[in-house]
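Annotated features in TrEMBL:
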type     : residues : note
DOMAIN   : 3-115    : domain 'Bicarbonate transporter-like transmembrane'
TRANSMEM : 60-78    : transmembrane segment
TRANSMEM : 90-107   : transmembrane segment
DOMAIN   : 126-451  : domain 'Bicarbonate transporter-like transmembrane'
TRANSMEM : 127-151  : transmembrane segment
TRANSMEM : 163-180  : transmembrane segment
TRANSMEM : 212-231  : transmembrane segment
TRANSMEM : 252-274  : transmembrane segment
TRANSMEM : 394-412  : transmembrane segment
REGION   : 476-538  : region 'Disordered'
COMPBIAS : 480-495  : compositional bias 'Basic and acidic residues'
COMPBIAS : 525-538  : compositional bias 'Polar residues'
Amino acid sequence: MFTKTDMSFGVNEVLLASVLGSVVFSVFAAQPLVIVGVTGPITVFNYTVYDIITPRGTNYFAFMCWIGLWSLLMHWALAFTNACNGLKYVTRFSCDIFGFYVAFIYLQKGIQVLTRQWGISGEAAAYLSIMVSLLVLGFGYAGGVIGGSNLFQRHVRKFIEDYGTPLTIIFFTGFVHFGHMKDVDLATLPTSKAFFPTQDRGWFIHFWDIDVADIFIAIPFAVLLTILFYFDHNVSSLIAQGTEFPLRKPAGFHWDIFLLGLTTGVAGLLGIPFPNGLIPQAPFHTNALCVTRQVTDESESGAAKGHTARVVDHVVEQRVSNLAQGLLTLGTMTGPLLVVLNLIPRGVLAGLFFVMGVQALQANGIMLKLLYLARDKNLTPASDPLKRIQRQQAIWYFVALELIGFGATFAITQTIAAIGFPTIILLLVPVRTFLLPKYFTAEELSVLDAPTASPFTMESVGGNFGEEVEGADVAIPTGSERKHEEDEIVERGEASSKMTRRRASFRNETGGDNFEMQRLGSRNRGVSQRSTSRGGRS
C-alpha cells in the first residue's frame, strides 16, 4: 500500500488499524480468538480504489472515509437482519479456495517486494535480498516443523514453534551487517514519526471535503467492501473455530459483524486501512491456545498398535492474548521501536511473507488433496478417507473446480477490475450448495468437503447446511454441561475407548488430514447429541 498509494498508507496506519481491531474485538467480541488486522485482500482493495479515484482529482482519504461510513451502515443492516445465517452454507470448499487465494497473495507480495529491489538499491542488494528472504523462509518453516516433531524437550519445542519466526526476523536483520554484506545498501522498512500519520495530515479525516457526487459514487465501493468483509471476516472466524478445535464457548456472528461495521467506520474517520479477520493468523492463534496430550493406540491388533499421537484436549478460551498483542502493537508506534522497525531489510519482510504463505498452504484443504493425488498409492494408508471414494476421478474433478475458483479470484485481482473480486468469492457459496451436488454424490461430498465449524459453533446461525436432525429434538450442551460430561468420561475410564483409539490411529496414519477426524472428534466431544432430547432445544 505504501508504494501503490503514493505513501498514503504507511507503517503507522497499518499498526494503528491492527491496534483498533485487536482492542475492540478482544474486549467486546463474542469470539475474541479471531485476530483482526490488515489483510492482503484489503490491500488490493485500497490501492485499486486509489488507481480509480485519484485520476478524477477526488480526495482519496475523504473518499475512503465515505466508503467506511457507508459500509458501517451496511454491516449494521446485515447484523440487524441476521444475515450471518447464510454462513450455514459455507463449507470447506469456499473456505479452502479463499485460504488458497490469501496464501498466494502473501507469496505474490513477497515476490513483488524482491523485484522492486532492482530499481531501489541495485543488483547486489536485489540478490542479497533474495538470499536473505529464502533463508528466512527456511528457518521460519523449520521452526514449525520442529514444533510438530518429537525433537527436544516439550517446552523447548513449543518455544521454537511459537517464537521461531520473530527470532528469525531479528537474527537476519543483524545478519546482513556481517562481512561483505555490510557494504551492500539494502532497502529497509520505511517508517515515519512516532504516532503520526505517514503524510502531513491529522488523524481525523475531513470527510466533508469532497463533492456530493463522490459521496454517492462511494456506495458501490462500500457494497464491495461489505461483501468482502462479510465473507473474509466470517470465514476467518469459522476457521478459527474449526471442527478440529474443541471450543466450549459459543459463537456470536451477528454481534461480531456489528462490531466490524463499527471499526470500519472508525477506521475511515482516522484514515487508516479497514481491519478485519486475518487468515492464517486467526486459526494460528487458536491452535497456539490448544492444550494437547499424547494418546496411545491400545487396540489388540493393527499396524497402529502402540503408536502415539498428539490430540487436542481443550482450548484456553480467553481475551487476554488478543488484547496483549494489540497493546504491544501500539507500543511499536513509539519512537525507539519505529527506529528498530526501520532497520528491518525489505528482503527479510519478503521472507516473512513467504513463511506466512507457505504455512497457510500447508494446512489448506486444496493442498492436502493435491498431495494425496501426487502420493504413491501403494504407500497411502488404507484408512485415508480420500481412498474410500470409489470414483477416484471425483477427487480430480473437485480439486479442478477449486483451482478454477482460485484462478478466477486471483486473475481478477491482477486487473483494474480487482475491486470486484469479493463478488467472485461470494459466488463460490451457491456454487457449492446448488451445483456440486448435481455432479458429486452425497458420499463423495461428505469426504471431499465438510462443514467448517462444529454444530455447537454454528448453532447461532441455524446449524450447518444439510445436517438438520429429523424426528428428534437435539440438544447442544452448554460449556458447563460438556465439561461435566467430559469429566464423567474420564472418571469412568473411557478416555481410551474405541472412539478415542480410532481418533489417535486415524490422525497418526493420515498425518493430520482432518476430513473424517472432524466428524469423529465432534461426536467424541459430545458436541452433537443426536440420540437424546434435552428440553426440546434444536
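A Cβ is built for glycine as well, from the same backbone N, Cα and C atoms used for every other residue.
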Leading contact stretch, 90-107, 163-180, 252-274, 394-412 vs the transmembrane segment (127-151) - CB distance under 8 Å:
163-180
Do you know the DSSP helix, strand and coil residue counts for the domain 'Bicarbonate transporter-like transmembrane' (3-115)?
87 helix, 3 strand, 23 coil
State, in range form, which of 60-78, 90-107, 163-180, 212-231, 252-274 has the highest count of Cβ pairs under 8 Å to the transmembrane segment (394-412).
90-107
So which residues does the transmembrane segment (212-231) touch in its own chain, when a touch means Cβ under 8 Å and the partner is 6 or more beyond its ends?
41-42, 45, 49, 53, 56, 58, 62-63, 66-71, 74-75, 78, 83, 94, 98, 257, 260, 264, 274, 276, 419-423, 425-426
Residues sitting near the transmembrane segment (90-107): Cβ under 8 Å, six or more positions beyond its termini, same chain?
39-41, 43-44, 231-232, 234-235, 238-239, 279-280, 353-354, 356-358, 360-361, 364-367, 402, 405-406, 409-410, 413, 425, 428-429, 432, 436, 449-452, 464-465
The transmembrane segment (252-274): which same-chain residues, six or more beyond its ends, come within Cβ distance under 8 Å?
1, 9, 13-14, 16-17, 20-21, 24-25, 28-31, 34, 36, 38, 42-43, 46, 61, 64-69, 71-76, 78-79, 82-84, 87, 197, 201, 203-205, 207, 225, 229-230, 233-234, 237, 460-461
